[in-house]
Amino acid sequence: LKDQFDNLDKHTQWGIDFLEKYAKFVKERIEIEQNYAKQLRNLVKKYCPKRSPKDEEPRFTSCIAFFNILNELNDYAGQREVVAEEMGHRVYAELMRYSHDLKTERKMHLQEGRKAQQYLDMCWKQMDNSKKKFERECREAEKAQQSYERLDNDTNATKADVEKAKQQLNLRTHMADENKNEYAAQLQNFNGEQHKHYYIVIPQIYKQLQEMDERRTIKLSECYKGFADSERKVIPIISKCLEGMILAAKSVDEHRDSQLVIDCFKSGFEPPGDFPFEDYSQNIYRTISDGTISTPKQEGMRIDTKTTVGKAKGKLWLFGKKPKPQSPPLTPTSLYTSSTPNGSQYPIFSIEPVHYCMSDIKTGKPRIPSFRSLKRGYFCLQGPALEDFSHLPPEQRRKKLQQRIDELNRELQKETDQKDALIKMKDVYEKNPQMGDPSSLQPKLTETMSNMDRLRMEIHKNEAWLSEVEGKVAARSDRRHSSDINHLVTQGRESPEGSYTDDANQEVRGPPQQHAHPSEFDDEFEDDDPLPAIGHCKAIYPFDGHNEGTLAMKEGEILYIIEEDKGDGWTRARRHNGEEGYVPTSYIDVTLEKNSKGA
């Protein structure tokens, strides 16, 4: 029985150890949940966009979906924190409290069992001592009886010795009887205590230990359930988070994203025009004709090709000078015959082939209309962003101006509402002077009216800029439409010599008059005639003009305007010494002459 008590002691200790082991498991699970939630939040924070309220980054549906997924993931991390908190309060804290109570109760029951066992051992020792004493007295009484009988049968023994032996026998017999009674009492007492110990005290202690162990088992079962309930409670919310991620994935619209890209990068610039056809075969025809047929008149009018080419290259403009109307192409009608007095005929090569060839040499380097657009972004970065957004492309400038107008309208509406509120408050103060002084509202009302006037002026100014931009965009669209029509009309017409012409009437053109050749020749090669000035400008900012085709200027310098800005942010200007070039429109203050506006 004592061994069974020790086994119960070991079992209850194992139960408490197992309870604490499960509590440690729950604690580590809580730490895992907390770390998981923390890492998820750090991940969301790392990939969340860091944008200011004024950021105008295009809101692509794919980006919006990703941001929504991050928000749902952040909510999911919050649910993991809820799981950890629920496990901490409902499971771990309860386990630690119950473990402490269980240890106290087990200690008490074991102490009671040990006390009962010690009391039983004490009773057994008392009974054993009385038994041993009774046994010793019985042996002494037997010795005394044997001594008395020996002396009584001995004839030589005196009567006194016999009486003394008899008295000793009686004494030992009396003491043996007393020890016998004491032993019987101790034995009876021990048997009673032993029966009580094994049938009442120990079973009661064992029952208490059993109930304690069963309560421990029940508590573990409840903690197991609470552990699962902590996870199950957040499953609906987690399911909503996952559904939100699925909805975010379904909201991605590739067509809308493409349209956002188009709207974001749409500049409004006109696409580059077609490259003109360069007929290098005309030089071959001229060489053959000059080598076989020649006249003194034509020799006198021959032009040095190298000199002409060098001159033409020196006058070519990087951004494309407005080309003059091209002369008609070389056709078979350009060759006609003349009769000699003897009746023989020889062909006369008119001045028009030379005229065309030299024109071809001059225009040998085609204009690149789009190069100005490519250079625009580089030069715009050199200057500050202006109030009218003239440093931006037309389409982007229109969008910026429209956004500013909308913002100004909202501010004006706020000021209007504030003015109405002040007027109503002033009326209330005038009717009820005890509520306040009406004159105290006059400064605020005056300030509000001033703000409204300022906003109206800003709106009017921006609307004027917007109208200017929209007019340029519309004019550019009209020019593009007309150029497309002209391209369709002239496409496919080719002269017999392989050159093209933009005028259908030139295809049936006859030989030109001889007296017109010198003037046409001079007009074609006279490119030094300066364009008329249509206004003047003042440089607001300095411009280095390192690139070819640009004109350097200093701050405050006055220049002539010879070509307006066509919507690409560049204006053609000329110095007093005749040097020409393009300057950024946003760097100058332009003043156009009214009588030269349409030149």
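Please read every residue number as a count from 1 along the shown chain.
Quick reminder: no glycine exception, Cβ is built from N, Cα and C everywhere.
Residues annotated as coiled coil in TrEMBL: 124-168, 398-432. Look at TrEMBL and you will find 474-484 tagged as compositional bias 'Basic and acidic residues'. Sequence annotations record features per position, and here TrEMBL assigns compositional bias 'Acidic residues' to 521-530. The feature domain 'F-BAR' is assigned by TrEMBL to 1-257. What TrEMBL records for 391-468 is domain 'REM-1'. If you look up TrEMBL, you'll see 532-593 marked as domain 'SH3'. Positions annotated as region 'Disordered' by TrEMBL: 474-533.
For the coiled coil (398-432), the list of distant contacts is 263, 268, 388-389, 392, 438, 441-442, 444-445, 448-449, 451-452, 455-456, 458-459, 462-463, 465-466, 469-470, 473: same-chain residues at least six beyond its ends, Cβ to Cβ under 8 Å. Note on the coiled coil (398-432): its mean pLDDT in the predicted model is 88.
In terms of DSSP secondary structure, the domain 'REM-1' (391-468) contains 72 helix, 0 strand, 6 coil. Secondary structure counts, DSSP: the domain 'SH3' (532-593) has 3 helix, 29 strand, 30 coil.
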